[in-house]
Amino acid sequence: MYVKSLTLKGFKSFASATHLRLEPGITCIVGPNGSGKSNVVDALSWVMGEQGAKSLRGGKMEDVIFAGTAGRPALGRAEVTMTIDNSDGALPIDYAEVTISRIMFRGGGSDYAINGTTCRLIDIQELLSDAGIGREMHVIVGQGQLDAVLRATPEERRGFVEEAAGVLKHRKRKEKALRKLATMESKLVRVKDLTAEIRRQLGPLGRQAETARRAALIQAEARDSRLRLLADDLVQLTTTLDKEIAGELETTRRRDLLAEETRQGLERLKTVEERIRSDAPQVKRAEECCHALSLLTERLEAVADQAGERERLLSSPAEESRTSGPDPAHLQTQSVAAREQEAKLAAELHVLREELETSSDQREQLEKAWNAERARLDRAERAAADRREGLAQLAGQVAARRSRVDSLREEIGRLRQTVAQSEERAGAAAAEFARLESSIVADEDGETLLDEAYEKALDALAALRAEVDAIREQERAAEGDRSAAQGRLEALALALRRKDGAAVLLGDGENPAHPGVKGSLAQLMTVHAGHEAAIAAALDRAVDAVVVDTVDTVDTAITRLRDQDAGRAVLLLPGELGEQAVISTEEEAGADWVRAQDVVEVPPQIRAVVDRLLSGVFLVEDAVAARDVLRAFPEASAVTRQGDVYAADFVRGGSASVPSQLELQAARSEAEERAAAAGARRDRSRFRMRELLAEVSAYEAEAEAALTDLHASDARINALAERLGGLGAQVRSAKAECARGERAIARVAQQLEDGERELAALQGRLAAAEEEPISAAESSVEERDRLERALAKARAEETEVHLRLRGCEERVRSAKGRAEALEARARAECAAREQAERRRRRREHQRLVAAGIRVQARQGAARLRDISEKAEKARDEAVSRREAEERGLRDMRLKVGELTDSLRELTDSMHRDEVARTQLRLRIEQVQNRAVEELGIEPDSLVEEFGPHRPVPVLTDVGRVPGAGGSESLSFHPYVRVEQERRLRSAERGLSRLGKINPLALEEYAALEERHRFLVEQLEDLKSGKRDLLAIVKEVDDRVEKVFAEAFADTAREFEGVFSRLFPGGEGKLVLTDPNDLLTTGIEVEARPPGKRIKRLSLLSGGERSLTAVALLVSIFKARPSPFYIMDEVEAALDDTNLGRLIGLFEELRDSSQLIVITHQKRTMEVADALYGVTMRGDGVTTVVSQRIRGLAQVPGLSGSNTAVDDVRTAQS
């Protein structure tokens, strides 16, 4: 037996389906760290039933499912399938190959299967346990498990040996048997207690049964007396009611006559009132017409007065001074004369202007000659002075002026450099300004989108709020419906509240006030819709019945009602006295009728009694169908949906004063459904409201976020605008600085030009001074004086001509203004005279219109006074007619009131008589109810069988009643009420002397005796089972002790040999902690490496501890071999020498078992029969490649095992 293959799908890092085909011998699994080698070990452990997530290196069992990577999504399930070669029959199953599979879903579900057949986890564990592979998984030695073996307690080490020996299965059977034994012991004690208790109860219950036999006769006497007294009361009350009904017809006839007279009077009264109401609008219209005519007459008279007054005012002459102004023609003549004078003065002004121009030209020529002569004299004087000052001083001025010119040239260069720098700054600022300006344009576009998003959020928010209002309105409507249904439900609950004796027994409905009360029949019964009234009529008084459990409860309840004077109640007993024969109604229902039992649903315990009550009752639609039923079944009765009962010899029907309990219960159920539906609608509305409010909050948040973005955008745009403003200021400042520099350059250039000119002048002067002779003659001043005198004369002449010109201009302006004023005055006077004529004509027209209005208004007022007199006359006639009709109406109302009072008095008298008859009927009904509820007999049967006309039998035996057969053994005597009352009191005293009676004592005694017999038999069965379980436990203990002793001896022997091979010269052995108790003893490990005297395992080195643990496990493997073993890097801590020793042990184990070794050691790989390489790609998914090594040593060139390991050709499995 060995593991033939292993398939992993979605297990940990094996995302893709991976199939490992294993072979007997040693199989090594190699690969880099973290590639998923140990996941193969976890897969083997998991498929064999491992339940601990920590044992699988996880936090929870879901961690075994591939969790996904960056390139691969997570999977939903993990599946591992292991195929075992069972050709040697090591597993107790009739298959050469056994496939064990386990699937786990991410939702937590897990499935196991053996050869494709679903099974349980325990099935897999027991199957593997028979092959030495137990639940502790000692065949799997994982990372860190070696040290755990050494740290294990002695009892845990014993478990390793037991698992290898296959003892754990027997130990589990023992534990299961012990648990059953403990459970059986508690049941045995309970049965013993029950048997003793029942034995104790048998004695008192026997005495109660004897008392019940004696009480039966007394109860029969009391019942017969009550029936006869009740029948006598019913006969007397019925006779009195018949006498009362006899006088009812005459009173009814008188009431009908009065009612007819009253009806006719009311009709006449209604006719007169209608006529008065129809005439009232005409009277009102006449009054309104008179009032309107009066108002119109007054208005026309007022208009006539106003027109006359206006005519008088317009007839008086207007106070206008039409001839007070000057004549326009005279004014025009004066303006013409003024124009002629203006023309003469204009000609004179022209002559003066020509004289002024001649004088000005002469003056200007003299001024030019005088200025030239004076300049010549000034140059001559300066030349002489300069000559006198000396050439040295003039040369110094030339040098100073030249220095000034040079400095100005340097200043111009500096200023031009400053201007260039300012222009550069202005250009940079302008470029930044353009960039920010384009950014502002983009932000403004984005702000438009933000505005649209904000508006969209506001629109969605408004729509949601509208929907919220609609849902809120729906919620209010649903709440209103629920409140209405709840109100109706409360009203129906009040209507269902009983006020008779049943209310005392039922209590609040949920908790009956009396033990043994199950509830009202109406509450326990469910009737198909539409049949409530029919079933209520069929059940008659039983519809108000209270369901109880026993006869004892019936007696106790009746006694309580009588003692508390709480009224009467109908009690319904499901069994015992309620069990009577049911009339067969198994006929098939017709097309127009249905059996009453078929529309009623009741609990099983009262089904029989309800069937008896509804026996022979059919439900029909109408009276025709009822008669069809009676023709088909003469002994049956038919009930319509309205509650009318049809039988062969009677019909009971009409209208009910109040709904029945069943109808009220059905209405209450309907109201509860409506309230629940309205509540559900309200809850749905509230749920939708919460969703909408959440969406409103989300959209409010979205709108708030959009508004925040808008504010941020505005702030950003404002910041950019401020920055643009700063840049604009910088540009303007730089340009201004450039302008200032240009102006400074121009100013300095002007200064430079002036300086150069002055320098040239100084240089010319210097040259002239140097060239002019020293003895030059002074110029003459005579020509200058002559020119000065001529210039003064010319200036005086020019001033005189100028003054004459200004005087002439003033006279021209005065003449022109006088002419224009005269022309304007003439035009104004003409316009005033035309305006006065127009006003005169308009006043005359208005006077004529006012006169016409006055005449027409007087005529209209006269005609309206005539019409008003006629309208007032018609109004007075209509008012007189209405007053006469109202007087007749009052008289008629008095007469109708008298008739109504008489009818009311007669009706009240009839009502009082009806109340008296109703009270009689109620008393009769109470007597009938007592007969049905207390004594269980119909009223007709009560009078027929127990009336005063019937003789009274003397009962001598229990249960003997009149007419029940055997009447020849009874004696009779006539009915006397006093004797029956005395007979009833005697029976009641007899019952009181007997005390409390248990009417069910006979049946209870028989049932209790039967139960006692059954418990005695069960007690013997439990004792026999306990003996069998103790025998099984003893057998299992013997088996475990024997198998463990043999397994321990073999393991201890193997341990000594294996330890001496791993530690040459060392000594190791296994010791039992309690050799005298092989069932519970533990196993201690003693190890002494060569050259050391210590035996404590905690003092060994890491490698020594690993080898000791390996020695213990290998000893168990050799003593009780398993089909396969899995080693996960067990040689990681060993040096080369110890590794060689361990490999030798592996080679020994290869002969008896299959070894699957996970390793990084090349020496371990060298002894392998097959290699599996495990690697992980970049996507985090493990990939497996394999190579068979067996036989490679015979291939030329591969004789070295290291070469074979290093040069393995890989292929995808």
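Note: Cβ is positioned from N, Cα and C throughout, glycine not excepted.
Cβ neighbour count for Lys37 (ATP binding site): 23 (other Cβ atoms within 10 Å of its Cβ, all protein chains included). The ATP binding site annotation in TrEMBL covers Pro32, Asn33, Gly34, Ser35, Gly36, Lys37, Ser38, Asn39.
Regional average pLDDT for the coiled coil (167-194) in the model is 77. The coiled coil feature in TrEMBL is assigned to 167-194 (among others).
The feature region 'Disordered' is assigned by TrEMBL to 307-333.
For 349-425 (among others), the entry in TrEMBL reads coiled coil.
The coiled coil annotation in TrEMBL covers 454-481 (among others). If one looks beyond the coiled coil (454-481) by at least 6 residues along the same chain, the residues whose Cβ comes under 8 Å of a Cβ in the stretch are 674, 678-679, 681-682, 685-686, 688-689, 692-693, 695-696, 699-700, 702-703, 706-707, 710.
Under the heading domain 'SMC hinge', TrEMBL lists 515-630.
Under the heading coiled coil, TrEMBL lists 745-839 (among others).
Sequence-distant contacts of the coiled coil (167-194) (same chain, at least 6 residues past either end, Cβ-Cβ under 8 Å): 126, 129-130, 134-136, 159, 1015, 1018-1019, 1022-1023, 1025-1026, 1029-1030, 1032-1033, 1036-1037, 1039-1040, 1043-1044, 1047.
By neighbour count, meaning other C-beta atoms within 10 Å, the densest spot among the binding-site residues Pro32, Gly36 is Gly36. The Cβ neighbour count for Asn39 (ATP binding site), using a 10 Å radius over every protein chain in view, is 21.
Neighbouring residues of the recorded ATP site, listed in sequence order and excluding Pro32, Asn33, Gly34, Ser35, Gly36, Lys37, Ser38, Asn39, comprise Ser13, Gly31, Val1174, Met1176, Thr1182 (Cβ within 8 Å of the Cβ centroid).
Around the Cβ of Asn33 (ATP binding site), 7 further Cβ atoms fall within 10 Å across all displayed protein chains. In the three-state DSSP scheme, Ser35 (ATP binding site) is classed as coil.
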